[in-house]
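Participant: Straight out of Swiss-Prot:
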- 54-202: domain 'Tyrosine-protein phosphatase' (DOMAIN)
- 146, 147, 148, 149, 150, 151, 152, 153: substrate binding site (BINDING)
- 147: active site, phosphocysteine intermediate (ACT_SITE)
């Protein structure tokens, strides 16, 4: 073997070792993650921003707001909102709907949910997240996710979106939202978000293992 071939061989070995080290480091961080308990999660919310106005941007072009914001058609139009997700849809909550915005260029999605710990909001996680994701794919879109106060139901659905479509852990999602708006889902919703977090973390770990096995197979 010539000196040039030796150098090339050593370089390839170094590159492979470096890739393996980085992969192990990333997998180690993921493997170390454990979904926190409800009290620990609530502490993350308490450490967040005290800011609580009618509406706040919590992710680029994604806003959490209250009933007053959703009912103010002039303000919505002036602010350039193109989508509204009502997490308190229904006659006894925020009774808007598609007809309320019929003469405006706004797409509407309603979730009929009660802000009760016993209410199963998790059945709406994926449909609501898909609506938000479709809206944000358009660079010209702005979406308002609201309930009555803009603290529990709407925040829960936004957190689920960030976890499902932005590959965030529940901790990451809470930190992202809480630094921009004072929110606090009820204990029941937190429990449902914890279950979603566990499912998504497990899926990501399985995907990483499969990718690692495929990469190892290509290198052999």
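Positions of Cβ are set from backbone N, Cα and C atoms, glycine also.
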Participant: Of all the binding-site residues here, 147, 148, 149, which one's CB has the most other CB atoms within 10 A?
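Facilitator: Of the binding-site residues 147, 148, 149, the highest Cβ count within 10 Å belongs to 147.
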Participant: May I have the DSSP-based helix, strand and coil counts for the residues of the domain 'Tyrosine-protein phosphatase' (54-202)?
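Facilitator: Residue counts for the domain 'Tyrosine-protein phosphatase' (54-202) by secondary structure: 69 helix, 23 strand, 57 coil.
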Participant: Out of 151, 153, which of these binding-site residues shows the lowest number of other CB atoms within 10 Å of its CB?
Facilitator: 151
Participant: If you take the centroid of the Cβ atoms of 146, 147, 148, 149, 150, 151, 152, 153, the listed substrate site, which other residues of that chain have their Cβ within 8 Å of it?
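Facilitator: These residues sit around the substrate site: 64, 66, 67, 87, 88, 115, 154, 155.
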Participant: Taking the Cβ of residue 152 (substrate binding site) as the centre, how many other Cβ atoms fall within a 10 Å radius?
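Facilitator: Around residue 152 (substrate binding site), other Cβ atoms within 10 Å: 24.
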Participant: Measure from the Cβ of residue 146 (substrate binding site) and count the other Cβ atoms within 10 Å, all protein chains considered.
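Facilitator: Residue 146 (substrate binding site): 27 neighbouring Cβ atoms within 10 Å.
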